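What follows is a single structure, written as structure tokens, with notes after it.
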């Protein structure tokens, strides 16, 4: 892993924490100034100064791989460093390794809890980058993670450690097939092929099962139907969007542990038959399952869920509304223009995000018999473009 930040504080706490010894000391790359929750500082000024030393470390790590699958980037979209410098790093890695997978775990600003007032700006500018440069984005949200800890895991005061634990379970689940043997293998590229019907629509909801409160683990029977039921449960989605408000374009289920692949397939078909109205009918067989033999430590079975649902537009729509409310009055814009940004960039990011929302809406409303019409329209558009 390579850890980067524009201020030394968080790095020091990682280094002195319980896991400080597992990271190579050279892989901590940090600046001194901080980004002050300013996307422009992370992307254009402070971040741009630090990015070359980060890329050197990334290059060293990549050269150590015998078969580099891709990159996983964890960042938040509300602050300055994760959003501004995170997207800068993604675009630089994209330039250098154009054919490797780029997977991001992006923490969106929460609906009710706001850390800083300029979150909508930072998030919108980041989404603008992620649409173009990332292959797969797992959309996370602190509030949804907090709800899972509170409601399902029965933690009265969840800490960031508890929230991170959920994210790490998902990260581990997504990559387990690369790291362990399995009956039905999948990797990041297969995942992308199966989950992304249109290149721009690569923002996924993630879920994990079994989620059990610490006290009641030993009373819980782990069966494939139980895992299936829990991982499709909308309460366990790690972002503030409700899959019942949209339809699944595609989904993927990754099971871990000793189990029969036949049973997994039966359960997946069962889910699709019972909830057929929540799946678009013009993509047949749109749920992919994979099975990996080695379960996570302390569990006999586990499953990770990744869904490409049109309801993710709720997240974008919410951020976009907040963005517009501020941008209309040009609030706080001088922080960004002062770092050399142009208002035009904001306008572009805003329209890109709104386009994304309307694309999701278009495919949510599409039916099988309309598909031909869209193709005709697209051909007309292409003819016009020529």
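The backbone N, Cα and C atoms fix where each Cβ goes, and this holds for glycine too.
Within its own chain, residue 7 (GTP binding site) has 30, 31, 32, 33, 34, 35, 81 as residues 6 or more apart in sequence whose C-beta sits under 8 angstroms from its own. Marked as GTP binding site by Swiss-Prot on the basis of similarity to another entry: 7, 76, 80, 81, 82, 142, 164.
Here Swiss-Prot flags 7 as Mg(2+) binding site.
Swiss-Prot lists 363-386 with the feature region 'Disordered'.
Summarising the annotation, Swiss-Prot assigns compositional bias 'Acidic residues' to 367-386.
Counting other Cβ atoms within 10 Å of each Cβ, the lowest count among the binding-site residues 76, 142, 164 belongs to 164.
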